[in-house]
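Next up is a structure, given as structure tokens.
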Amino acid sequence: MDVELEEEEERICLRTAEEGQLANMDDDKLVSDEVHLRQLSATPSSAFSLQHSRGSDTKEEAPPEGGTMGGKSAAPREEGEPDERVVLRRAVDKGAIALAQIDDLKLEGDDDDEAVVNGEEVDGLGLSNPAAQTTDDEQITVNGTGAAATSSVAADAASSEQDAASTAMATPDMSKIPRLPGDGAQMEDNGSGDLPPSLRASTTSILSNLRKKQQGGPLRGGVAKQTPLRVQSVRIVEAKRAYGPKRRTESCSIFGNSNFEHDLESGNSLASIPGQSQRPLNNEMYSAFKSGNVVKGILCPSLTNSFKQSSLERSYLTYTHRQRQKSLIIVNVVDFVLKIVLAFVWIMRRSELGPIESDDGTSMATAITWSVCCGIANMAICFLGYWRCFANNYLHWAAVCTWVLFNIQGFVGQGVGFADREYLVWYILFVIFVPYAMLPLPLKWCVVGGTITASCHLAVITIIKLQHGEATINPECVLFQIFANFILYTAINVAGMYTKYLTDRGQRLAFIETHKAMEHKKESEKELQRTQKLLDSILPNIVNNQIRSEMYKGTDPTVETQFNKLYVYPMDNVSILFADIKGFTELASKTSAQQLVKILNDLFARFDRIAEDNHCLRVKLLGDCYYCVSQFESDNWKTRPDHAVCSVETGLHMIKAIKDVRLHTHVDLNMRIGIHSGSVMCGVLGNKKWHFDVWSNDVIIANHMESGGIPGRVHISEATLKCLNDAYEVEPGNGGCRDNHLKMLNVKTYLIKRTEPLRPKRRFGTRSSAHLAGSVATAAPPCATPTALPKSISASGSGSIGGVTATGNDGASIDGRSLEYAATIAVPAQQPTQLLQQQQKKNISLNSLPNVVEGVAMDSRRIRNGCGVMGGAGGTGGGGTGPCGMSTVSSPTAMMSAPLEVQLRPRNGACSIQNLAEAIDGKGLIIEDESTTDWIPEIPFKNLNSPEDGLNRADSILVDTKEDHRVSVAVLDEEIDEFIEQNIQINSNKEIRREYLNPWTLKFKDKSQEQKFCQLREDMFRSNMLCVFVIWIFMVLCQVIIIPRCTRLIICLSVGTVILTFCCVLVMAEEFPGLPRCLKTNSAKLVHQRQRRTLFICGVIVSMCMLSAIGLVLCPSSTYIGTADEHSRFLRMVSPYSNISMTEKEFKLNVYLSATIHHNITISTPASGGPTPLVDITSSGPSDEFVRSTLNALTLNLTPPLPQSHRPYTLTTNGHSVSLSNLSYSDASVMQSSSDVEGQCAHPEYLVFTWVLCLVSLATALKLYYLVKALMALAMVAFYTTLIMMKFGSGDSFSLVELSRLGMPLGVQMLILLISFLVMVCYHARLVEVTSRLDFIWKEQAERELTNMKSNRALNDTLIKNILPDHVATYYLSDEHTDELYSKMHNLCGVMFASIPNFQDFYSEDIDNGKACIRILNEIICDFDELLEEPRFASVEKIKTVGATYMAAAGLNHEHLRLRGETSEDSVCDLVEFAFAMKQKLEEINGDAFNNFQLRVGICSGPLVSGVIGARKPVYDIWGNTVNVASRMDSTGENWRVQVPENTAELLCSRGYTCVKRGEIAVKGKGMMTTFYVHPKGISESQLISPVRMPAGIPLAQTPNLQRQTSHHGSFSAVVFGMLQASKRSTAIAGTPTGTPSPQIRRGHRGSTFSSVRLSQKSTTVNPVRRNTTRVRGRSYRQKKSSSNNSIVTQASSSYMPSFRRIDQIETTISKSHNDAL
């Protein structure tokens, strides 16, 4: 289990099981809802959503399977709980409860025995949960943790532990599975946080019932419940079927649980309650990290603060580094300004104290040079950081350079104005803090850098102290100073590390949302691409684009209108080709189902390639019939001028391809090809199973051209012959002798003499780019001697090329039509584009050729040996990669009569023809015709999940799908990382900030978004306060060490420590159940309420600020600096030997005891060589001589940072000034002044260092609003500045002067330090604020992208289910069989062909090119499609429509029949009932529109084969003798009758149907067959009415109109419309609420294009509006509720009258044209 849990933590799937659970039928709806309910109930968050109220007369039952949800045992309530909410809160952490335990909960107010839940009656099924009564996931509120509040106290401890142990292994802990935003686990997007009434419960009543349950007493109303039978059946079925297709699980990432819950008492979403937001921190939220646990709400820091997934870690580092681009620049700017300020102070001090001696020029030049170089380095790093390219890839190295530069400055200290190394403690604090707060470096790097800086500086100070003997004279003071430095460095490191850790951890959690947003966006785009691929595979691009453009700017097609939208478009001057396989029935009888589908897929895939290469477009597959139409340009709907040639070439290639199949299968197969040219209407009809189709009289003629054709020959009409322009030799076809329709229309037909294609297909290879790159990677051999082409190559494909004979595949000539090439091929390698230029000069148009490759592939990198060759053989027109490596293409000209010569002229190093022939092989870029190459047929839907265009041949051939599946996970991760690289750019962050945030306040411009952000729960608040408390402890230690023996200070610090300890306890009180209730209540308020939290943090920081500075006021000056009394004592030691009256103002030593620059001088004598008290050497001489002798003997033994000496010093005494010239001073040693003799340390600057820690503690409050932080920091620095000016600048307190002219006053130095940290803290606050708000935006986008992804996935599923039956769609969506052909053998199925035979008589192209008539057909087919939505026809599947023929089948899904308890015979009966319903529906249409359409139905039952064929245009089809017989039953049937063969009639008679024998009839291909007419059940032969009086099969009494029902899959137009809305959402502005616009009710006026009136001489004045009443009855609910509905209908009716009068006026003419046609 541990291994499984670890693996689960590594990758947590994005897609949950709830996403695809929608039942197909109404009977399955409860099953789906129950399973969805059970899955949601598997998390403790759904406890309150699953409270069932039961009656008192039921019995208790055992918990269902998997009753203990989450696998955790329930625990009894502990004693002494002071608050009921505490019990619930504690239950959250204890585990989940069983469903049965939830069922036993009796809600408050359930005193009676009625099954009522908060006023709502339980339905008859016993399901009171609204989640079981709806399929809307958004209505099912999932409570993250609050719902689990009752789990730990629900049952006895022992029993629950046993239950948990028994189910833990079988039932996974669903509570640990993260809930994605928007899938029902979060209510943030719902707009209202209120739960449904039946989901609300009283906490008091729940707890009281739980206590009763725990104590063993029965609950009120007592008794347990009996599960309803239907629910039991649901649970039985649940284990037997899979609900919804399996989805891909590769797009997985590592996400923590969702952070949304609901209030336990009110049931409201915490996101909607002010001050309440996400759930508290727990370890589950950090399962994606390598380490770092949460203990009592405190994040335990860890140096390995990284993701477990390396790719995710790399993406995050890139993400966070780019966010700190500006901070890197700010740090270097601050350091640069700091150098300028130090230099300015140094210049000011020099101007005050006088010029420096000339011998210091070299040292000063070094200092200036050092400062200038460091400043240049700062500016260089700034420019690199500003450079976008560098910042996007190498920003962290610029940060490392910054850190190195700062350390060099701190340890060398050679800059102008810099003090000695041991006095640069303030700068080292700055250097340690900067990487944590500002630099874009990982946490581990920051810790290592801070530790190195601190350790090195401590070592430097210690070494310097030891070298100069200061540790010997006063070891205690040196030790205190070193220890104080250690505390300061440790405090800065700890504060910086923990702040960086908390900031980084918060950013990582937000980055997960960011990564999720990007992943969802990528998935959404993939889903949309897959949907578009599927749509492109169904419809041609031109029709697809036209439909999309109309839908994109149109209204929602799902809104009911009076007429269905018609997507039909006219096309003129096209050629239609029909091809039928002769001998297919024999082939089907000799092969298995899998073999037959494989053969058909191979054959039709070849036909698709042939059609595409010859610029033809496949229309549809009709069993073994294939028909296509010549293509047209997608931009202007213009057809090709050579459309007839393209169609003939397609037919000839098909005949050639069938020969190969005949050789392999040993079956007499052949092709009958019929071609006719004319105009068509192209588009789609109906609402279900859209298929591209064409309609016109010319299409019918083309169909009969195929029927009247000859196998193995291309049969063309006279219209086609006129379009060929004598390109082919023909002979009379006499098609009228073989087809009556052609004879009736007097169509002259011809046969193409050629049996081989005029243009043998020669095309590019289909290898992938990787394979091609590998094949060309090898260098070509050296070019041989030049060889010319001595003679031309004929169009037959044979010819001699330099002694090498090149023979085409067909070997036949082109009947005198020579295609001889005269193009010069030898081209210099330096100018490969001349190849194309030469062809253009000779008027060779690559785009105008029917079977030529699309372009010329040239790559200069592949040119070898400075030569390039382009060769073409005869009419084969192809391309190849010569030995020189240049990829070339040639093709035959479209102008047949233009002779071209091909010559290879020698040139410098030109390749030989032999090398050219070697280059053009099976591995090259040229592939011969199908018969000479091994071609792998494409698999349908193989490219469904491919990341690139599925129509690209390189994607569908020579691709190892298994290998692709193995690397799919890694590829997906790389794609997401690359996607993040492209989207999370520096400029992207800047654009988002400008778009969403106010540039000054950083608040969201959208107030609702700002309010939502302010309601976020601050889970790091406790960790922040703990860090503040630790910093305070360090501050106390530092002040106690530096300021000893100050009782008042110690008391104040102790009181402050107690106060801060109480504050920490208050913050942590919510995690400790034993604390008083008031503490826990206030603790919860601090976490949830932003305003309280802000005031609390401000109070704590202000307290720390005041307490840290109070020592400067309360403590005597003697505790931290030498005072006047100390100087007087020192002078009184000298007074016995001098008559000078010494006072503190008379003796002013020009020695400034600054802790960081020049103070604490050691006095040594040359004789002793060691430190000697000054009193021992001042016992002789008068005052002037005493001063001179004393100070001349004074030597300073330490090395200065700047090698300067002989600095003038002045000693003033009794009005006399003595110049001291030969003096040196120490660089950084902290030594004793006159007070050091008594062992006292003077380090006032360490007080300021503790003040810096206060500023750092302010930075640790991460979620404090940045303006509040900035104002507090400014106030603190102003307060500290006042203290510095008052104390450090007072002459009374500090009667000291500067030691040297280069020295800096302590007050100025401390001000620089405070200002530097002020800038860092303020910018860090702004950085954290910007980052948190950007992360919040990304999180919102993640939720929107998830919604879009789910919508796109639903569209994709619906789309594929409109292409395929549900069970076949499930097969392909499972992603387990995408490399296999789908085929299945069915023993018994029903097949129906229902046609409207008189529609052809009705059809006329006189009005709008026949579009008006097609509109009527569309209405009829849409009504037929609506019948399929009825539950009684669940087993009936629409296959396709062909013209006015509707094809359907029943019994194809055996599993569905088994679940419904039906047999295959029942499905055949359902199909018959469907035929009767179609007849009734057509009668209604006739009655409404005053038409007389008639229906003719043929049904046959028996075995058949189903499968999916066609890789580029996959279609589901059925084959077999049953299908053929059903088609013949239709074509030989009678109007208004259902004709069946004998075996089907026997089956139907056994099921109660009346079958009347028709007799034996002649059936094409079957001979004589006995057929029957089927009548509805319950009608005997004696009751049948004569067919003369009423058509057979029409019910005597009309049943009520069938209302239009909502489709479970949705109409196809609704799918496309939804896809377009998804694309709109994907291009919408991020951050704004996205969603499908509310559809507008389209009340279109039926004007001149209205075609729903029978075009006959019958008057239309009675009811001019066709089907007005039925359409009004079928309106949507919104239209029914419209108050102006009646007026709209009346107005519409009156407005349509003129149009119908116009139609009436041309009725006579149309009727005459119809009669003439007959």
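The backbone N, Cα and C atoms fix where each Cβ goes, and this holds for glycine too.
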Determine which of Asp536, Asp613, Asp624, Asp642 appears in Swiss-Prot for the same Mg(2+) 2 site as Asp580, Ile581.
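According to Swiss-Prot, the candidate sharing the Mg(2+) 2 site with Asp580, Ile581 is Asp624.
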Membrane-wise, does Swiss-Prot list Tyr319 and Ser1083 on the same side?
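Going by Swiss-Prot, Tyr319 and Ser1083 are on the same face of the membrane.
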How many Å separate the Cα atoms of Arg672 (ATP binding site) and Asp580 (Mg(2+) 2 binding site)?
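The separation of the Cα atoms works out to 5 Å.
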Report the nearest neighbour of Ile1518 (ATP binding site) in space among the binding-site residues Asp580, Ile581, Asp624, comparing Cα positions.
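When the Cα distances are compared, Asp624 comes out closest.
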DSSP on Asp624 (Mg(2+) 2 binding site), three-state: which is it?
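Its secondary structure by DSSP: coil.
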Just to be sure I understand the packing, how many Cβ atoms besides its own are within 10 Å of the Cβ of Arg672 (ATP binding site)?
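By my count, 23.
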Take the Cβ of Ile1518 (ATP binding site) and count every other Cβ within 10 Å, whichever protein chain it belongs to.
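Within a 10 Å radius of the Cβ of Ile1518 (ATP binding site) lie 22 other Cβ atoms.
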What is the number of residues in the topological domain 'Cytoplasmic' (388-397) that are helix, strand and coil, as DSSP sees it?
10 helix, 0 strand, 0 coil
Using DSSP, what is the helix/strand/coil residue split across the topological domain 'Cytoplasmic' (1070-1094)?
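Each residue of the topological domain 'Cytoplasmic' (1070-1094) counted once, the result is 19 helix, 0 strand, 6 coil.
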Neighbours of the Mg(2+) 2 site Asp580, Ile581, Asp624: Cβ within 8 Å of the Cβ centroid, same chain, sequence order.
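Here the non-site neighbours turn out to be Ala579, Lys582, Phe584, Gly623, Cys625, Tyr626, Met671, Arg672.
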Given the binding-site residues Leu622, Val1525, Arg1528, which lie close to Asp580 (Mg(2+) 2 binding site), meaning Cα to Cα within 10 A?
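Among Leu622, Val1525, Arg1528, the ones whose Cα sits within 10 Å of that of Asp580 (Mg(2+) 2 binding site) are Leu622.
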By the DSSP assignment reduced to helix, strand and coil, which category contains Gly583 (ATP binding site)?
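DSSP call for Gly583 (ATP binding site): coil, neither helix nor strand.
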To the nearest Å, how far is the Cα of Asp624 (Mg(2+) 2 binding site) from the Cα of Gly583 (ATP binding site)?
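About 10 Å separates the two Cα atoms.
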Note the mean pLDDT of the topological domain 'Extracellular' (1285-1301), expressed as a whole number.
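In the predicted model, the topological domain 'Extracellular' (1285-1301) has a mean pLDDT of 48.
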Counting only residues 6+ apart in the same chain, whose Cβ is under 8 Å from the Cβ of Arg1528 (ATP binding site)?
Gly1498, Val1563, Lys1564, Gly1565, Lys1566, Met1569
If I restrict to non-local contacts, at least six residues apart, and a C-beta distance under 8 angstroms, what lies near Leu622 (ATP binding site) in its own chain?
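Result: Lys1440, Val1442.
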Tell me the Cα distance separating Val1525 (ATP binding site) from Ile581 (Mg(2+) 2 binding site), rounded to the nearest angstrom.
17
